[in-house]
Amino acid sequence: MASTSVNYRYFCITAWYRGGIFFIAMKLKKTCRSIKIVEKYNADYIAGGSVQNSLRVCQWILQKPNTAIFFGCIGQDKYGEILDERARSNGVDVHYQRTNEAPTGTCGVLITGTHRSLCANLAAANHFTIDHLLTPDKQKLIDNAEFFYISNADRTRIVVLTQGHLPVLLIQEHTIEEFPVERLEPDEIVDTNGAGDAFVGGFLAQYIQKKSLGVCIHSGIWAARQIIKRSGCTFEGTPDFNE
């Protein structure tokens with residue numbers, strides 16, 4: 001679910017639970033037995049994957065549903081239905097390609113203390129094809145879009161580097177600017193899963209409103225702090241970010 005640890009293509013749905021014992025079992029088996037884990041332990045489902053997490057946070061800050069449009073691929077299964085419902089409930093306008101060749105991607109997020117381990121099965125996410133974007137309705141959405149966010153894009157004009165509690169670095173042309181990060185107290189930290197994704201979401205929410213890069217970065221820092229204080233990449237209430 002978090003882009004800082006796993007390279008997710010398009011999306012996966014996250015089964016969320018606490019305890020580190022599964023990490024050992026999954027490491028030995030070299031696979032993620034997510035269904036068995038869900039059957040035995042209570043799990044919360046979050047529409048995840050790095051890009052989708054970022055768009056969910058962006059939508060939360062904007063408080064204007066369907067500003068962000070998301071394309072990805074899911075399987076013809078219950079996890080796909082859950083993913084669709086959870087993403088839409090967070091205001092993201094999702095347009096999933098559906099495949100019979102693989103199940104919906106899943107990711108087990110394992111929490112021990114304030115630290116996380118991830119076990120992902122991208123599955124259907126690897127079956128996304130360009131054909132899905134070539135229909136008239138999808139082309140209209142793309143033509144009307146002003147901004148595009150794609151994970152791991154090769155062309156980079158502005159670099160923003162996060163360093164945990166250390167200052168955020170803004171690198172452009174021949175300059176480097178630092179933005180301090182207010183450190184959270186240990187008892188405020190629930191877990192760090194999705195913090196990097198939330199930073200991107202907070203950044204994008206201001207960037208698409210043509211705010212300064214400084215405001216974008218402060219919004220990203222604020223969003224990451226909110227996520228770190230909660231379990232998983234989740235949020236509630238009305239955001240109170242102030243420029």
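Each Cβ is built from the backbone N, Cα and C atoms, and glycine gets one as well.
Per TrEMBL, the features are as follows:
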- 43-152: domain 'Carbohydrate kinase PfkB' (DOMAIN)
- 154-235: domain 'Carbohydrate kinase PfkB' (DOMAIN)
- ASP197: active site, proton acceptor (ACT_SITE)
- Query: So, in DSSP terms, is the residue listed as 'active site, proton acceptor' helix, strand, or coil?
  - Reply: helix
- Query: Taking every residue in the domain 'Carbohydrate kinase PfkB' (43-152), what is their average pLDDT?
  - Reply: 90
- Message: Based on DSSP, tally up the residues of the domain 'Carbohydrate kinase PfkB' (43-152) by helix, strand and coil.
- Response: 43 helix, 33 strand, 34 coil
- Here the 10 Å Cβ neighbour count for ASP197 (active site, proton acceptor) comes out at 29
